[in-house]
Amino acid sequence: MREVRKTNCHFCGYLCAFHATVEDGRVVDLEPDPSRYPYDPKVLAGCRRWKMNLDVLDGDDRVNYPLRRVGERGANNWERVSWDEALDDIAQRLSKLRDQYGSETLASMIGGPHASFWPLHRFMNMFGSPNNMGIGQICWNPRIWMDALTFGWTIEADINDDTECVFIWGTNPAESDNSLWWQSIRRIGKSDTPLVVIDPRYTKTASCADLWIAPKTGTDCALALGFANVIIAEGLYDRDFVAEWCHGFDEFAAHVARYTPEYVAEFCGVSADDVRTAARWFGRAQAAALVSGRGIDQSGRNVAPTHRAICCLRAITGNVDKPGACIITEMSDFTTEVELEMTDEMVPEHKARCLNTPFTPLQCYEGYAKVQKVTERLGCRLPTRYMTSAHPDLVLRAMETGEPYPVRALIVNATNPLLTYADTHRVFNALMGLDLIVVIDYYLTPTASIADFVLPCAGAIERPLFQQHGGVANIAYGGPAAVEPYYERRSDYDIFRALGIRLGQAEAWPHETFKDALEDVLARAGMTWEEYCERGMYFRPPVPFKYLYPDETDNPRGFATTTGKIELASEILPDFGGQRLPEPAPCLSLCSDELIARATACGGAHLSMVTGARKQPYNASMYFNNPKFRKSSPHPAAEISPATAQRLGLRAGDTVEVATDKGSARFVLEVRTMRDDMVSVDYGWWHPEWTPGAPDFGGMWESNVNCLTSCSVATGEPMIGTWWYNAIDCVIRKVDETLSWQDDPCAKDSASADKDDAR
Ligand SMILES: Nc1nc2c(c(=O)[nH]1)N[C@H]1C(S)=C(S)[C@@H](COP(=O)(O)OP(=O)(O)OC[C@H]3O[C@@H](n4cnc5c(=O)[nH]c(N)nc54)[C@H](O)[C@@H]3O)O[C@H]1N2
Ligand SMILES: Nc1nc2c(c(=O)[nH]1)N[C@H]1C(S)=C(S)[C@@H](COP(=O)(O)OP(=O)(O)OC[C@H]3O[C@@H](n4cnc5c(=O)[nH]c(N)nc54)[C@H](O)[C@@H]3O)O[C@H]1N2
Ligand code: SF4
Ligand SMILES: [Mo]
């Protein structure tokens, strides 16, 4: 029987809607669905991924059955087991480890927003472990924390016809965002509205800008304070808004007085005139929007001060909760993330085992509780598990040393930490020493190859999708599964429910299926599952100027901060060891004098490094199994400017080694317009076509930039623990070697072909 069903693509966070033609439970065709959000022919025409859906759905490299390790860890010997056998065995081993070491002996790891993570978080809460690690500290939390502490809640940029100036700061949506949003930036670039792009690399986004400012990496805080200096000195700030709604203006003005355009020009390596021009555009606009990204989020110690400085820039110009600038979001009408994860059910003794205390006083349960008291005045609560997620440095130490208690088991859900977490050598060694590793994934990734169990996950098309912004905005999108999971794959929800029930959590899992659970989530908002699937989303746009709403005494309700105003001078950050007023911090040095001397002695250089700048068609460590992509983008690159290439006698196509004291990796040199004092290095590269496991682990040691990075809590941001993926020093030098990437990716080796049967 042939039937057309609704479904979605999930090869990026945009979740485009599709029509799947289904025959006997199998998808035989997939076409864009123009009737549902977020259909746009331009997006689909520019997207190279969606046509992979059919191949991926039944790809011969997918893991289709639960696998249990046989023999040495990482030896790539597996036995196929039934779900009952796998889950019973995992539950039994977890119970035993819990009896022996306590429930905190179980840790978890997540990655980017590939799956709904609340089922894992619920499982961890019920199990009684605070040790969930993730990408929070370096991808989402810093901005959410600083917005919440400055404005009382988080904000979203609101770019529309009212917008008179746009700053795009440390983000390159041309490569990182397939969506309509990038199209809207492109339109701004073509219009009279001034567009400023702040990025040390001349990106495709920068090429649309009226002004490209290329600061030294990691100096953005000073640049933001420089903009504020000009805006205040030239009287371009919003006097009425500041007088009524900002706390600590005089203190802030005195603080930025020293950040003159000339001082900032020197500090950031930019032109003083450009600082003035950009500041004037921002200050004079009736509504100015600013969007920031990874360039700022992954700058270690600078992350909090830079976000704070940006918050202050918005506030002094009155660009908060204003159409065309940014809008303070609202909590979701549907059941919020914080309720779904059920952190309130975790007993205090278990929360007290959180390793972050006292290392990261904001990113921990105590810090969370203090902030909650403040934001709750206007009814808002952040998702607990993301905002308290455990610091990898501390959990790895507990794995390595048993201090302050042994962490012996790990669940890895939708992430490939051997490629994407900092300090690969350390992660690898810590994981190799564990008693139990369970990986839930589609593929035998390098990380899966060292697991005890690999559990096959159902993907988009095989499971319902409900993407929400961690419960900090009133939006969710997605749709239904078109088919039952192929083979024996299961959704993440089903896996955690089944495991939870085996470990005495039955009461926490009343809904038999993910769809039933989501139906209940939506019921709160008065929407049926059918309506949601019909529309492809739930959305209620936030209204502006909410601080003017009357409170119970008929006065304007203000902002959910300690002072009820936007805090230019923060009254709460010092409680967490933070600064009242934002000040830049020095960047991370990971190179010893000996390393630098060795590199320069053979013609190399000591440069600042940024890692992982987004590029199509890949995503982190994904899609390297697509032969077409590999043909068009065949090798991992290290990019330097033409002047630097000339200075070092390097040419495009040369093999270079990039190193820090942590380790080294090799890349193919590319030359592009960017600052002369830096190198930009790709991340995520491995060979899915190679035999998994030892000795090569999918080729992950060759060009893995995370062999060079560090997650040290001591050198990270002191309140949140954000480590550095950008603005790290490194050395680069030419090596005479051909890299494995020149091999044909379609030529699967025979060893891996043999293993296909087991999957
Ligand atoms: N040096 C450096 N490191 C970085 C970054 C950087 O810029 N530089 N960026 C950081 C950032 S921002 C992020 S978000 C992370 C990304 O890090 P990860 O999320 O670890 O990276 P991915 O390669 O996207 O890994 C996703 C894995 O999940 C699997 N997967 C996909 N969907 C699902 C699903 O629905 N369920 C399950 N169970 N598995 C699924 C995929 O097959 C893949 O193996 O990397 C971080 N690490
Ligand atoms: N193709 C593709 N798309 C992706 C992903 C992917 O892996 N591949 N990953 C997804 C994920 S997990 C995320 S978090 C988003 C990230 O999305 P974005 O935040 O847009 O990340 P990038 O595109 O890398 O842009 C970051 C920019 O910051 C610049 N930068 C680096 N250091 C500094 C600095 O010190 N100051 C300033 N001002 N700029 C700096 C870099 O040169 C780079 O151009 O992308 C998502 N989309
Ligand atoms: S834009 Fe993203 S969700 Fe849409 S089709 Fe492309 S990869 Fe899929
Ligand atoms: Mo991310």
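Just so it is clear, glycine is given a Cβ too, placed from its N, Cα and C backbone atoms.
The domain '4Fe-4S Mo/W bis-MGD-type' feature in TrEMBL is assigned to 4-35. As annotated by TrEMBL, domain 'Molybdopterin oxidoreductase' applies to 62-500. What TrEMBL records for 608-714 is domain 'Molybdopterin dinucleotide-binding'.
Mean pLDDT for the domain 'Molybdopterin dinucleotide-binding' (608-714) in this predicted model: 97. Beyond the ends of the domain '4Fe-4S Mo/W bis-MGD-type' (4-35), by six or more residues, the same chain brings 41, 43-44, 47, 49-50, 52-54, 57-58, 112-114, 177-179, 459-461, 465, 467, 477-484, 486, 533, 536, 619, 623 to within a C-beta distance below 8 angstroms of the stretch.
Residues in the domain '4Fe-4S Mo/W bis-MGD-type' (4-35) partition by DSSP class (helix H, G, I; strand E, B; coil) as 0 helix, 19 strand, 13 coil. Across the domain 'Molybdopterin dinucleotide-binding' (608-714), DSSP classifies residues as 19 helix, 30 strand, 58 coil.
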